[in-house]
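Report on one structure; see the data block that follows.
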Amino acid sequence: METVISSDSSPAVENEHPQETPESNNSVYTSFMKSHRCYDLIPTSSKLVVFDTSLQVKKAFFALVTNGVRAAPLWDSKKQSFVGMLTITDFINILHRYYKSALVQIYELEEHKIETWREVYLQDSFKPLVCISPNASLFDAVSSLIRNKIHRLPVIDPESGNTLYILTHKRILKFLKLFITEFPKPEFMSKSLEELQIGTYANIAMVRTTTPVYVALGIFVQHRVSALPVVDEKGRVVDIYSKFDVINLAAEKTYNNLDVSVTKALQHRSHYFEGVLKCYLHETLETIINRLVEAEVHRLVVVDENDVVKGIVSLSDILQALVLTGGEKKP
């Protein structure tokens, strides 16, 4: 079941930003987010893939690959409502839970329906779908993404019950960047990562070039991270293995052999891979944001002058600093 959603017209974006004094510049992005609705961010036409929970898991993951999307809302025909999201994280959890060896077919992936997987995986921990109204502010959207530790937030029309769009950190930051030059620049934009202490610098989850994919999947599950820097024997970053790379196992139908190294698994994208996107502690927040938006990536690896991994800065970290804490270290 696939749906293509088109809105009638391009949303009008307000140009009237509140007048800010130099002392209050640190809250300009917060004010911007509070004065714009989720609807303002929805494009004129966008494709949305929706899965019925009675669909086989395997077919659903192949459909994600075919449509070039990372997640899809789940529709329960019995309840006549959206009940959750199917994401690459589900694919990782299924592979990690049921993989035995390259010689044994993963029955659960081949035969389970989405609803069966959800019953097994969620058991008694069923949570209502986290979603947002198109009339809610972007500030509320950012708050919900960060508070619930999710990467995708469906925008659902409360009247029709239809899913209109899926908000992500990436799309929100890109929208903010379109108007960023219209604001007085907050003081914190010129400060360094080290000064602002934005990002994660302790217990960074990493893998070696020789780490088997199955072990990497276990790290994703245990640490709940979206990417793993791949390092050499000296701790220098040479690649990055992200959750998105895992879906390629479905694309190439190679998910029955998870004993191969992450380096081998990443060869599929070697012809267009431009290298790991990095940053340094002395670089300013403004520089970091520009790099993230221009490269359209979800995180940067913080390194020292020898390319040794020091931390990770994610879009979630950036939005939290810009919108929720006004450049201050997160509470």
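Going from the start of the chain as shown, residues are counted 1 onward.
Any Cβ shown, glycine's included, is placed from N, Cα and C.
Feature annotation from Swiss-Prot assigns ATP 1 binding site to R70, M85, L86, T87, I88, T89, D90, V130, H151, R152; the stated evidence is similarity to another entry. Cβ contacts within 10 Å of L86 (ATP 1 binding site), excluding its own Cβ and spanning all protein chains shown: 24.
Marked as ADP 2 binding site by Swiss-Prot: R70, K170, S242, K243, F244, D245, R269, L277, H298, R299. Counting only same-chain residues six or more apart in sequence, the Cβ atoms lying under 8 angstroms from the Cβ of S242 (ADP 2 binding site) belong to S226, A227, L228, H298. Following the DSSP three-state reduction, the secondary structure of S242 (ADP 2 binding site) is strand.
If you look up Swiss-Prot, you'll see R70, R152, K170, S242, K243, F244, D245, R269, L277, H298, R299 marked as ATP 2 binding site.
The domain 'CBS 2' annotation in Swiss-Prot covers 125-187. Along the domain 'CBS 2' (125-187), the predicted structure has mean pLDDT 92.
If you take the C-beta of A205 (AMP 3 binding site) and look for same-chain residues 6 or more apart in sequence within under 8 angstroms, you find I219, H223, V225, L228. The AMP 3 binding site annotation in Swiss-Prot covers H151, T200, A205, S226, A227, H298, S314, L315, S316, D317, and the record cites experimental evidence as its basis.
Taken from Swiss-Prot, the feature phosphoserine applies to S261 (among others), supported by similarity to another entry. Within its own chain, S261 (phosphoserine) has T209, T210, T211, P212, V213 as residues 6 or more apart in sequence whose C-beta sits under 8 angstroms from its own.
Summarising the environment of T263 (phosphothreonine), the number of other Cβ atoms within 10 Å of its Cβ, over all protein chains shown, is 18. As annotated by Swiss-Prot, phosphothreonine applies to T263.
If you look up Swiss-Prot, you'll see S270 (among others) marked as phosphoserine, on the strength of similarity to another entry.
Comparing the Cα of L277 (ATP 2 binding site) with the Cα of every entry in R70, H151, S316, these being the binding-site residues, the smallest distance points to S316. Between the CA atoms of L86 (ATP 1 binding site) and F244 (ADP 2 binding site) there is a gap of 13 Å.
Of all the binding-site residues given, namely I88, L277, the one with the smallest number of surrounding CB atoms inside 10 A is L277.
Non-local contacts of F244 (ADP 2 binding site) by the CB criterion (under 8 A, 6+ apart in sequence, same chain) comprise R70, I88. Rounded to a whole number, the C-alpha distance linking D90 (ATP 1 binding site) with K170 (ATP 2 binding site) is 21 angstrom. Within 10 Å of K170 (ATP 2 binding site), counting CA to CA, the recorded positions H151, T263, R269, S316 contribute H151, S316.
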